[in-house]
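**Student:** Below is one structure. I have some questions about it.
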Amino acid sequence: MALNKILLFSLTFQLVSLLLRVSSESPWITGDVTQTPMKYLELARSPEVFDSMVRIRRKIHENPELGYEEFETSKLIRSELDLIGVKYRYPVAITGVIGYIGSGEPPFVALRADMDALPIQEAVEWEHRSKIPGKMHACGHDGHVAMLLGAAKILQKHRHDLQGTVVLIFQPAEEGLRGAKKMIEEGALKNVEAIFGIHLTNRIPFGKVASRAGPMLAGAGFFEAVITGKGGHAAIPQHTIDPVVAASSIVLSLQHLVSRETDPLDSKVVTVSKVLGGNAFNVIPDSITIGGTLRAFTGFSQLQQRIKEVITKQATVHRCNASVNLTPDGKEPLPPTVNDIDLYKQYKKVVRDLLGQEAVEEAQPLMGSEDFSKFAEVIPGHFSFLGMQDETKGYASSHSPLYRVNEDVLPYGAAIHASMAVQYLKEKASKGSISGFHDEL
Ligand SMILES: *[C@@H]1O[C@H](CO)[C@@H](O)[C@H](O)[C@H]1NC(C)=O
Ligand SMILES: [Zn+2]
Ligand SMILES: [Zn+2]
């Protein structure tokens, strides 16, 4: 009995001291910077912010617009910004919008969302499916816009705490049409010191994030070549110069650029994805057009030059001529997406405070690409993935007609956006640089 009492007393004592210790360390009381993410997540989950994000996302989903045609999406963004009293610049890069929250003074830190949809026919049967035949938000950009507007609401509510200015970049035409480049050309990054981007993904579980320091997504380029010979009767090949055989040889030779000329530990891709030409069984055509893509983290322009060389020289072997275009349809190459190490450390800290240590996954580099890389080429940037996979639902991957966004993830995106901006400005104000994150790992 006595022993029990002592045990009980000691247990109570420990419990009380534990509580005291917890409360004295509690971010809510000490004003530690870690209070920000939790406070923001709570706000992001409140009906006021969450419901509006869902409403906005569904509205954009119903009316998908392709690159540089995001007029209604842009209008919706502007009316939402008007509603909360956020000033903005418009138009930037045709449909782009840039909002400003905070002191209006430096430092400036940017958050980015892309607005465009894809030429895909939605195959998901649900209440808010695309109303436009052949167009669909199948990459989650509708969710990206909603999350950034959610962050805008949170930041605007706390605008007096901002030690600088948050720049909200709503960019057009991420999917292959170089919207980021056009935004930069029209001054989107003027005075901006750092930029953050988030991409939704069904490749990782709900509520987890993936990122890495350094190169995360590959640089991407395209090529198209016309191989010209001399057409004629398929049964009398000696009177023709056959571009089909030349093209076949070129397609095979291109495979050796990666397998024989590239360090096996340095990932590169050369894919011929397009072969066009000929339309009869008994006619050798005059020409064949081939096209494809290259992906690389390093040695990008050397690889481009070798592709050009292999195509033209192999054509010569077969008595054909070839002309090579490295920017077909104006598709300029994209650099790799490279995350700044200090911003990555800040990101890990913010997400750890928000979602817990186990939420942060180390991303493997991907051969896919993102035009966020154009921003991160100019100023330090950080791009990350926010997972929304639900095992019971098995969401399809991006660019699939069966792609779906798990809307429950929107508050995480909004809170991460807002916290990253605030944290950046705080660190900047207290240290004059963000090098202070070094000891946080
Ligand atoms: C290739 O180009 C050369 C030089 O212009 C020309 O003389 C030749 O006829 C061309 N060959 C073919 C197969 O088009
Ligand atoms: Zn996409
Ligand atoms: Zn995308």
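Any Cβ shown, glycine's included, is placed from N, Cα and C.
Note: TrEMBL annotation is automatic and uncurated.
According to TrEMBL, the Mn(2+) binding site annotation covers Cys139, His141, Glu175, His199, His399. Under the heading domain 'Peptidase M20 dimerisation', TrEMBL lists 219-311. What TrEMBL records for 1-24 is signal peptide.
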**Student:** Other than Cys139, His141, Glu175, His199, His399 themselves, what residues in this chain have Cβ atoms within 8 Å of the centroid of the Mn(2+) site's Cβ atoms?
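**Tutor:** Counting only non-site residues, the set is Asp114, Asp116, Leu118, His137, Ala138, Gly140, Glu174, Ser398.
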**Student:** Under a threshold of 6 Å between Cβ and any atom of ligand 2, which of the binding-site residues His141, Glu175, His199 are retained?
**Tutor:** Glu175
**Student:** Could you check the binding-site residues Cys139, His141, Glu175, His199 and say which one's CB has the fewest neighbouring CB atoms inside 10 Å?
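**Tutor:** Least crowded of the binding-site residues Cys139, His141, Glu175, His199, by Cβ count within 10 Å, is Glu175.
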**Student:** List, in sequence order, the same-chain residues at least six positions removed whose CB sits under 8 Å from that of His399 (Mn(2+) binding site)?
**Tutor:** Leu118, Ile120, Ala138, Cys139
**Student:** What is the three-state DSSP composition of the domain 'Peptidase M20 dimerisation' (219-311), stated as helix, strand and coil residue counts?
**Tutor:** 32 helix, 35 strand, 26 coil
